[in-house]
Amino acid sequence: MLMITSFANPRVAQAFVDYMATQGVILTIQQHNQSDVWLADESLAERVRSELARFLENPADPRYLAASWQAGHTGSGLHYRRYPFFAALRERAGPVTWVMMIACVVVFIAMQILGDQEVMLWLAWPFDPTLKFEFWRYFTHALMHFSLMHILFNLLWWWYLGGAVEKRLGSGKLIVITLISALLSGYVQQKFSGPWFGGLSGVVYALMGYVWLRGERDPQSGIYLQRGLIIFALIWIVAGWFDLFGMSMANGAHIAGLAVGLAMAFVDSLNARKRK
């Protein structure tokens, strides 16, 4: 028996053990002051340590989160406190991710108190030539949401995708993606529907495109999105385009945002390959 590593949190230890089980490697956990992970077949030590290094780089990667389901067991025998909800949020979200979430919530509350129209007069895309130099308007349309479902859906994806980008690639990269996608998706959407629109979905689609393509072309970046989710995003765009659900969707912003994210991921992955 060879001890591979120790984890302070038993759930993290179990996630790694479950993932290795899906790879055909059996590990066991012994509880002492920490959760010690042991390997019976020492000939596999080098492989396990290599997988451990990748796991420690991004333990929140979906492939690890899904491993417990694939392993097919829930009775681990572990006894530990669950992560508090806000602790789980903090673990994945950096400062930029948090600032955007708080800003969207504050604006949403203001819209409930003051009314949509009053807030849009201050934050909407320039709706009059005299407003074209109020530069914040080219970005603040992304902060406005018109229903609870609208804001919850967008902020969930923003936290999941934006948090991953910020944690792995830095706050600067998330800021650049956000500003460019908000600007260009807003420009396209106002050509489709005029200036009266809002929501973070253009930025969310940019992040979907970016995380998926960057993960496909540059796995070492540490970000990853399952192909099934990007297919879902494309189906949602098609459904919105043909009004299959009878909901008002910012189709122009969705398409433009996705295109921006894919383009930025393509350029960044090319640059990453050149540096190798």
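The backbone N, Cα and C atoms fix where each Cβ goes, glycine too.
Between the listed ranges 1-21, 169-189, Swiss-Prot ties the annotation transmembrane segment to 169-189.
Residues 100, 104, 120, 123-127, 141-146, 150, 154-155, 157-158, 161-162, 164-165, 177-178, 180-182, 184-186, 223-225, 227, 229-230, 233, 237, 249-262, 264-265 of the same chain sit 6 or more residues outside the transmembrane segment (192-212) yet have a Cβ under 8 Å from a Cβ within it. The CA atom of HIS254 (active site) is located 6 Å away from the CA atom of SER201 (active site, nucleophile).
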